[in-house]
Amino acid sequence: MSPPGGDATVGSDEKRQKGKATPDTIKMGCIAMVMKEGQLRRAEILSIKDTKSGRQFYCNFDNFNKRLDEWVPAARIDFEQDVEWPNPDKDKQKDAKTKKNNSTVSKKQPSKKNNQKKASKREQSVASDGQTPHPWTEFVESQPGKNNRQRGKTEDGTDVNASLEVGGDKGVKRKADEIDMDEDEIPAAKKQRQPSFSREQEIEKLRTSGSMTQNPTEISRIRNISKVEFGRYVLFPWYFSPYPQIFDQEDCIYICEFCLSYYGELKSFVRHRQKCTLHHPPGNEIYRDDYVSFFEIDGRRQRTWCRNLCLLSKMFLDHKTLYYDVDPFLFYVMTTRDDRGCHIIGYFSKEKESTDGYNVACILTLPQYQRKGYGRLLIQFSYELSKIEGKLGSPEKPLSDLGLLSYRQYWSENIIDILLGYNERKEACTIENIAVALAMTTQDVEHTLQALKMQVYHKGEHKIVVPEKLIKQREKSKAKQKRLIDPERIQWKPPVFTALNRTWGW
């Protein structure tokens, strides 16, 4: 499989055996012709599962983005054509390697005494929640407790993250040791050793190239949910999300658009909707205009709701790998209103106290609202809050591929507007002036200027030049721009937290 955000090329250049197959004999690693968008396309079978509607096959289509992988029924596979079978020699090598890895892991098993200590700590954490047991609790308790307590460090010590995704949110989309699927659910793929980077090199790489997760297991993880019914919309997830394993067998899961509770049975979901009394996110409304509202939710006060929001967003963010510890975060949820209530459009989260100066930890616009200008509103709102705080902010890296594009567009448009204003007044402008005016970090300003090739060195001085082409592009985008955040409507003061409110909830 290709990394997130890239186009997948199915199979390798090696010759494969071809032959007939049936729904019962086809296996993982086979390449077959699968119907997609009315055409037969070459696809690799990465996983197989039995659902209530029958056997389904997880297909990675040739030259298609990873997020377009999907579960398909046997009826969409053309079994009249020969399929390409995986190389048997490689299967033997893989089996031998798997056995070797299993034996190595067994030697490094922690002592029974340590396991008991970890289990008791997890029990105390659940008890301190002060809420009824949740299906997610059982799933978390089955995972290694130590790994989940690590605060956003990769193996090379790098702080990262969505996630959308985007993203991938320390404790919400951070690259800590993630909750993995069983080994037999990981597809047969080459796992190359990832190059090691220093902290500065890694941040620079992620800043300029978008969301490319550095964890090979995360890349090869199979999407487990096929379809989601969310309010009036049917959503098709892009990535794996760690809902309880029992939901893997469902053809569709049902999520309440107000409280975000999830159900596998339609009857249970209908019963819940009749009893659910929530009609807006469980927080304070801090902004309202004719189009949207913003709610501020404290992750410590609304743990279950925020955890459910993280599970929902993980389906559309490739790098969001830690979902349980929401206590140190504030969630800002954007909604649209009608007579039924407030419907979630998207959200961003931020740390209650960020040592790195991040004003966004995770940001996502739900797929049904993308390409409508809502992502820009989320970004603008995050910077308006930074202006009220009197700080310079920056989103936590890495951004998802779509998040990176949205931020670059927002940065470039606002920087051009600032520069044109200085030019009209015939005033000198520096990078620091731009950063303060937009509440951006000087590093983000400088990277944007370099990406747009607006920094030049002339007669011994560094100068900022705005090409005529960019000015015309900005004028066109202004004509299309419909919605903006009105800073006068924001009813918000920077919250003050005690040390207890800022800590993790273990």
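Cβ atoms are placed via backbone N, Cα and C, with glycine included.
Under the heading region 'Disordered', Swiss-Prot lists 1-24 (among others).
Annotated region 'Disordered' per Swiss-Prot: 82-215 (among others), in sequence order.
Positions annotated as domain 'MYST-type HAT' by Swiss-Prot: 220-494.
As annotated by Swiss-Prot, zinc finger applies to 253-278, with the evidence given as sequence analysis. Counting residues per DSSP class in helix, strand and coil order gives 10 helix, 5 strand, 11 coil for the zinc finger (253-278).
Summarising the annotation, Swiss-Prot assigns motif 'ESA1-RPD3 motif' to 303-324 and lists similarity to another entry as the type of evidence.
Here Swiss-Prot flags Ala361, Cys362, Ile363, Leu364, Thr365, Gln370, Arg371, Lys372, Gly373, Tyr374, Gly375, Arg376, Ser400 as acetyl-CoA binding site, drawing on similarity to another entry. In sequence order, the list of same-chain residues 6 or more apart from Arg371 (acetyl-CoA binding site) whose Cβ falls under 8 Å from its Cβ is empty.
Taken from Swiss-Prot, the feature active site, proton donor/acceptor covers Glu396.
When pLDDT is averaged over the domain 'MYST-type HAT' (220-494), the result is 92. Annotation note: Ile363 (acetyl-CoA binding site) sits in a strand segment as assigned by DSSP. In terms of DSSP secondary structure, the motif 'ESA1-RPD3 motif' (303-324) contains 12 helix, 0 strand, 10 coil. The two recorded residues, Glu396 (active site, proton donor/acceptor) and Gly373 (acetyl-CoA binding site), show a Cα separation of 21 Å.
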